[in-house]
């Protein structure tokens with residue numbers, strides 16, 4: 001089928017915003033589509049072969065690693081310290097001659113379902129495309145495997161068609177047509193998944209249609225009295241916050257993928273943001289959510305802040321990872337913008353003291369908006385990412401280092417750091433700071449400056465670009481995360497790092513890095529991130545090797561009492577462990593919900609349960625088997 005696009009450009013039908021009348025809207029302009037930073041043709045602004053903007057990238061120049069792009073403070077900087085860190089850690093020189101991959105000349109031939117296409121064109125006003133590049137950029141997320149497969153043109157199965165619904169009603173039409181004609185649907189939001197969740201099943205024989213929600217990004221209504229807002233699910237995080245900031249409000253949900261991920265994706269993966277201490281995780285922010293399934297629309301009929309009305313079906317949708325339907329609209333809590341934002345940082349003599357500090361902060365429930373603890377390896381990595389300094393700045397840094405090592409008696413090979421973000425009014429921030437620094441002192445911590453704290457949070461959005469630069473230079477690297485009770489936190493960090501070291505030794509990997517950080521704190525535990533990478537220049541299949549070691553690390557995490565995931569989700573790459581994580585009974589309950597809501601397996605992504613298990617039919621009923629209960 002030649003690439004085509006529906007020529008209809010009429011305004012989308014108005015959404016039936018759940019439970020709220022138009023009298024509650026701030027004004028009529030709120031129901032207009034938001035002009036997004038990401039265009040409909042994603043590849044015009046974003047890389048087709050990796051993370052982020054086309055004009056933002058690490059690169060080598062005259063043997064020095066640099067960063068280009070005006071969207072980040074690091075743009076235009078040379079990074080000689082980072083260059084030395086890479087050369088020492090991985091024993092390689094920066095190669096400035098290697099080229100980045102080129103777009104493929106041909107694309108997999110699309111599978112066509114003629115009756116579906118006929119009805120799509122004849123009975124709907126939905127825009128669509130079968131162009132190769134539109135299909136390619138929506139065939140993957142951001143796992144190492146995804147990007148490596150793109151670079152080497154390994155994808156055998158990509159969406160056969162891309163559709164852009166503009167509202168809830170058009171999603172209803174599309175799901176009805178797909179169910180009628182047995183077409184597989186892949187809900188696609190920001191494409192930032194790191195769990196393999198949106199990768200097309202490579203053996204799927206049906207027509208695959210990527211349902212891109214990017215044109216569903218309206219703010220439908222805002223209720224200032226209740227401090228609630230309703231957005232369509234396709235709005236990107238930075239667009240959502242920009243719109244709310246213009247009204248003096250914020251949701252406060254800032255995951256590391258905030259620039260590109262969507263509201264619907266946050267709900268589908270049970271996302272967490274760096275400021276959850278103040279605003280909550282996504283499940284704390286969601287008041288109401290609307291999802292279209294092949295069996296109908298699932299939503300709660302009340303916008304009350306809390307109900308006791310049986311199981312909460314919001315939580316059937318939260319974490320469903322695109323396997324049950326398409327999330328179309330979300331009602332969220334909002335808060336007034338804080339009047340003050342202030343950064344800080346702390347240094348501790350070792351990681352164990354830092355963990356004890358984090359535990360005490362959580363115990364006393366005095367967390368600032370964000371507090372993150374880095375181990376020594378990650379601390380040194382962050383220091384290496386500082387741009388080239390002036391002579392005087394170098395002298396000052398040397399004096400600071402002498403103060404830490406000579407006067408404080410701290411070993412630079414053991415030191416770790418915590419970054420801090422405070423939000424509120426002046427009195428709130430001053431109170432938070434005083435208490436945090438008082439607690440830190442009990443664990444031999446001392447202030448390390450607001451500038452270091454600010455740099456740490458700024459680098460959050462730049463670090464994702466390093467993975468692709470590393471791949472370009474012959475280094476495979478990726479992060480993985482978990483959550484764990486406090487009494488096993490330090491043990492898990494040590495054990496997982498030791499397991500990775502052991503696995504590298506078994507495989508004769510001599511040049512690698514493994515580090516961790518504690519990124520979120522709770523009453524009963526914490527979230528831990530691990531960063532692992534190794535030199536792959538002499539490895540036949542580096543991604544397969546990386547995944548084998550990561551698999552071992554995940555086994556170690558689980559054996560130490562950690563979770564399968566804190567916020568990345570299960571997807572395909574962790575589905576192997578899902579049944580054990582939720583028990584046989586829990587897995588069967590999910591499967592029953594899947595069969596009821598999606599009996600033809602239209603959303604056959606293979607997330608959560610492996611694809612063959614998700615497709616399995618229930619046992620045939622017998623005379624003693626009661627009828628299935630409806631959800």
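Any Cβ shown, glycine's included, is placed from N, Cα and C.
Over in Swiss-Prot, the protein carries these features:
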ACT_SITE  529  active site, proton donor/acceptor
BINDING   187-193, 256-262, 269-272, 321-327  FAD binding site
BINDING   467  substrate binding site
DOMAIN    155-337  domain 'FAD-binding PCMH-type'
REGION    1-22  region 'Disordered'
SITE      372  site 'Important for enzyme activity'
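Feature map: annotations from Swiss-Prot on the structure.
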| residue | record | DSSP (3 states) |
| --- | --- | --- |
| 187 | FAD binding site | strand |
| 257 | FAD binding site | coil |
| 271 | FAD binding site | coil |
| 323 | FAD binding site | coil |
| 372 | site 'Important for enzyme activity' | strand |
| 467 | substrate binding site | helix |
| 529 | active site, proton donor/acceptor | strand |
Q: With residue 191 (FAD binding site) as the reference Cα, tell me which of the recorded positions 372, 467, 529 is the closest one.
A: 467
Q.
At 10 angstroms around each C-beta, which of the binding-site residues 271, 327 has the fewest other C-beta atoms nearby?
A. 271
**Q.** Neighbouring binding-site residues, C-alpha within 10 angstroms of residue 529 (active site, proton donor/acceptor) - of 257, 261, 271
**A.** none
Q: Would you count the other CB atoms within 10 A of the CB of residue 323 (FAD binding site), including those on all shown protein chains?
A: 24
(Q) Measuring Cα to Cα, how many Å separate residue 372 (site 'Important for enzyme activity') from residue 323 (FAD binding site)? (A) 33
Q: For residue 467 (substrate binding site), write down the residues of its own chain that are at least 6 apart in sequence and whose Cβ falls under 8 Å from its Cβ; none is a fine answer.
A: 50, 51, 144, 147, 477, 478
(Q) Let me spell it out: for each of the binding-site residues (187, 257, 261), count the other Cβ atoms within 10 Å of that residue's Cβ, using every protein chain shown. Which one has the most? (A) 187
Q: Measure from the Cβ of residue 372 (site 'Important for enzyme activity') and count the other Cβ atoms within 10 Å, all protein chains considered.
A: 24
(Q) Is it possible to get the count of other C-beta atoms within 10 angstroms of the C-beta of residue 191 (FAD binding site)? (A) 25
